[in-house]
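Participant: Would you mind keeping the following structure in view while I ask a few things?
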Amino acid sequence: MKGDERRLHILNLLKESKVPIKGGELADRFSVTRQVIVQDIAILKAQGHNIVSTPQGYIFLGGQKSYSKVIAVKHSKEEIEDELKTIVSLGGKVIDVTIEHKVYGEITGKLMLKSFYDVEKFLEKLRQSKDKPLLDLTDGVHLHTIEAETQEDLQRIVNALKERGYVIYD
């Protein structure tokens, strides 16, 4: 199979999938290396396709109707689970986390968490890692882009986070 044909198949798979697809799975499916898939994804992105790489795999974001908002929050490392589960329990999706670093400027990590299961996997990875969460670098202050199907859902999420004392600006 030629590269153009493989990329078309990859794009269609991503468009049809409701869950992220790992690069290794794509590599196995098309009998190529993981590096070839990374290059294919880079080419598809350069062609204007809205594909996002997450810890769970690749996701196609084109054509989805949703509302998003960036909120500034502050909380401890121990409150990460409550914050994330509050968002997903109300139908939200945590797209990313961003901090403002004194040397590097903005640092953003893609999260793409939309369920308790996603949150649990993320927290387990965080516990097993020697790395610290980004909020450790900024005394707990960070931004999240959150997404929901309706403006009302988005507002319910923000209100719940405010009730818990996490929101410093929305």
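Cβ atoms are placed via backbone N, Cα and C, with glycine included.
Annotations for this protein, taken from TrEMBL, read as follows:
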BINDING   HIS75, GLU83, HIS142, HIS144  Ni(2+) binding site
DOMAIN    6-59  domain 'Helix-turn-helix type 11'
DOMAIN    71-166  domain '3H'
Participant: Just jot down the residues in the same chain as HIS142 (Ni(2+) binding site), at least 6 apart in sequence, with C-beta under 8 A of its C-beta; none if empty.
Facilitator: ALA72, VAL73, LYS74, VAL97, THR98, ILE99, LEU134, LEU135
Participant: If you count other CB atoms within 10 A of each CB, which of HIS75, HIS144 wins among these binding-site residues?
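Facilitator: Max Cβ neighbours within 10 Å, all protein chains included: HIS144.
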Participant: For the domain '3H' (71-166), what is the mean per-residue pLDDT, to the nearest integer?
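Facilitator: 94, rounded to a whole number.
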Participant: Which residues, same chain and not among HIS75, GLU83, HIS142, HIS144, have a CB within 8 angstroms of the centroid of the CB atoms at the recorded Ni(2+) site?
Facilitator: VAL73, LYS74, GLU79, ILE80, LEU84, VAL97, LEU135, GLY140, TYR166
Participant: For the domain '3H' (71-166), what are the DSSP-based totals of helix, strand and coil residues?
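Facilitator: Once the DSSP states are binned, the domain '3H' (71-166) shows 44 helix, 30 strand, 22 coil.
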Participant: Around GLU83 (Ni(2+) binding site), how many other CB atoms lie within 10 A of its CB?
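Facilitator: The answer is 21 other Cβ atoms.
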Participant: For a three-state summary based on DSSP, what are the helix, strand and coil counts in the domain 'Helix-turn-helix type 11' (6-59)?
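Facilitator: Per DSSP, the residues of the domain 'Helix-turn-helix type 11' (6-59) fall into 32 helix, 8 strand, 14 coil.
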